[in-house]
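**Student:** Before anything else, here's the structure in question.
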Amino acid sequence: MGEVAKEEVEERRSIVAVNPQPSKGLVSSAVDLIEKAVVYLFHDKSKPCHYLSGNFAPVVDETPPCPDLPVRGHLPECLNGEFVRVGPNPKFMPVAGYHWFDGDGMIHGMRIKDGKATYASRYVKTSRLKQEEYFEGPKFMKIGDLKGFFGLFMVQMQLLRAKLKVIDVSYGVGTGNTALIYHHGKLLALSEADKPYVVKVLEDGDLQTLGLLDYDKRLSHSFTAHPKVDPFTDEMFTFGYAHTPPYVTYRVISKDGVMRDPVPITIPASVMMHDFAITENYSIFMDLPLYFQPKEMVKGGKLIFSFDATKKARFGVLPRYAKDDSLIRWFELPNCFIFHNANAWEEGDEVVLITCRLENPDLDMVNGAVKEKLENFKNELYEMRFNMKTGAASQKQLSVSAVDFPRINESYTTRKQRYVYGTILDNITKVKGIIKFDLHAEPEAGKKKLEVGGNVQGIFDLGPGRYGSEAVFVPRERGIKSEEDDGYLIFFVHDENTGKSEVNVIDAKTMSAEPVAVVELPNRVPYGFHAFFVNEEQLQWQQTDV
């Protein structure tokens, strides 16, 4: 067998076709009746569900490719490719509770080629979604259900359905709604409770779910929504967290897509570990006190994840090719939580982490009828340093609230970079602007709000009633030989005044208030999570075997 043929066989083996085998019938109907009775008795449906209304509400249908969209301005040549953003879009209304993290993953994609734009939106065809389509209704528990005794009951309902083979959990139960990344010829849709789903971008910009990626059965645990690709080695670094030991498992995936042996990371308890970071020689794990506490859920009527403000924040720095965690160095900093890191690198004896640091997180803030608020919500850009020689740790505040979704020119991942691009939050879930930080400049003392000056080099304000999403940096030229900020920021925008959505492109160097391009979209695009840009070269190199 020739080398090309061997490679094609390997690719076919690595993508798993998802064909769950749920079961309708008397057993399924009986379980449904029990659930309906308990929901009727114990769930308060009178409270409106904020995250199913307004522009959080799901769109009813997928959108096949809509070509030749109206473009104001021009789309630069470096944007030839597919801009994609994923987010929650529940296909079926929930039986009871609903948390913003619960919805089925829908990818909104814009194919750009030769100055023209095509829009499409498609569900990530997860095992969970396929089964609920089969039943024509929800059958899997939701984060929004997991409070109090009612939460315990909903957990038991899912376990019962699985035991009776009403639902098939053999392919996982994730939604694919959180983030996207490209590695070894594959665009991956991610949610941290599941394995990656492979999504193919078709020539016309359409999106097709090919199946699950289990790395030839070497991946048996969950997979973070925020793996890291080293642009200098083309390797991908990832981990999964669990509610039973080992609570964290670290993995390295070669540039050829081969997953190496698991490395269990020892931490004292089950925590939510949403992100991590890599440098040239290290991986950084974050043991932060947002604990998985089912007992507290039942006793205190709390959400199943609860934050302990009395505990320190711990950061573990591990040589990134370590065979076990015996060489990990743990550092402590004041109590906090972190959803998203920007980058990390090494300076002498120190490992430097640039991150968005959050105080007193409460996942209930984006749950059910709870409207988003900014009171007591402190999410700020920070620099953290870990001295590998002395064991000392320090941190420095780089901004006031509220900043999130930090992105960089990803050609600099693992290396020291100068600029960070983030979103300015009007409230917990709405983005009112895009901000550019210069890490070579000092923050202005005494600032009470985010404004240009000091280390804030530019702000793109979306205007009243207009809200955006994570902005992705696209360089004019890939690599680190050109100017770091020579490129564009691309992101989705929704105008609540008109009900219309669009894609904006702005100049990352100047942060001019005048967009380089505005692409008018045919449909509303709900607020969502993370975005990614697949360049033309990556599109042409997609591994397409099923």
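Think of each number as a place in line: the chain as shown, counted from 1.
Here the Cβ of each residue, glycine as well, is placed from N, Cα and C on the backbone.
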**Student:** Among HIS108, HIS274, HIS440, which is the one Swiss-Prot gives for the Fe cation site where HIS226, HIS340, HIS530 also bind?
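**Tutor:** When Swiss-Prot describes the Fe cation site, the candidate it includes is HIS274.
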**Student:** So how many other Cβ atoms are close to HIS530 (Fe cation binding site), meaning within 10 Å of its Cβ?
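**Tutor:** By my count, 22.
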**Student:** Let me know how many other Cβ atoms fall within 10 Å of the Cβ of HIS226 (Fe cation binding site).
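**Tutor:** HIS226 (Fe cation binding site): 21 neighbouring Cβ atoms within 10 Å.
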**Student:** With every protein chain in view, how many other Cβ atoms are within 10 Å of the Cβ of HIS340 (Fe cation binding site)?
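**Tutor:** So the number of other Cβ atoms within 10 Å of HIS340 (Fe cation binding site) is 21.
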